[in-house]
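**Q** Quick one: the structure is below, questions incoming.
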Amino acid sequence: MKVTAAFASLLLTAFAAPAPEPVLVSRSAGINYVQNYNGNLGDFTYDESTGTFSMYWEDGVSSDFVVGLGWTTGSSKSITYSAQYSASSSSSYLAVYGWVNSPQAEYYIVEDYGDYNPCSSATSLGTVYSDGSTYQVCTDTRRTRPSITGTSTFTQYFSVRESTRTSGTVTIANHFNFWAQHGFGNSNFNYQVMAVEAWNGVGSASVTISS
């Protein structure tokens, strides 16, 4: 992302778009993927059979983690979730998160966040209205950074909900279709998860994915 000088060193690795560390699990309610990037930075637990996971980083973190549950292959299907999320003292997101293989892209639909809005330092693409709220939409180019293929240059897409929430249904197609007007491939998906990410501060989250 494009960041202010104050965040530059802090975010050096925060948005380094981790390569996945997949755990394939038995298929239940469609969930077949566990995202556990640097989950050892906190207390990460999950149960794929119930679609639940939790992450506690109450001792504080100073580098990036991304954890969650989802699918080995993403899609535009809607996701319904509920969460308890506390991250007011942390740079963190509660988001739908995933990758497109080609053209390579990393994406976030941010439902709630801590003390940092990613669109505050990225290129604005306008707004999109979905699921009862306006979302700020922005993009950035990450050059020679860690990705799902090792080190590469790729585009990030963000939709950030203005009326933040911790439960509801995310109509992913609305975001994909809007991003597609700005170069998003909208096909050839890699993994997709309901995720919690943080890279500093303290916080906690408990998430249930119901569809």
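Including glycine, each Cβ sits where the backbone N, Cα and C put it.
Features from Swiss-Prot:
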- Glu106: active site, nucleophile (ACT_SITE)
- Glu197: active site, proton donor (ACT_SITE)
- 19-210: domain 'GH11' (DOMAIN)
- 1-16: signal peptide (SIGNAL)
**Q** Measuring Cα to Cα, tell me the gap between the residue listed as 'active site, nucleophile' and the residue listed as 'active site, proton donor' in whole angstrom.
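**A** The separation of the Cα atoms works out to 14 Å.
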**Q** I'm checking region-level scores; what's the whole-number mean pLDDT for the domain 'GH11' (19-210)?
**A** 94
**Q** Considering the active-site residues Glu106, Glu197, which residue's Cβ sits among the greatest number of other Cβ atoms within 10 Å?
**A** Glu197
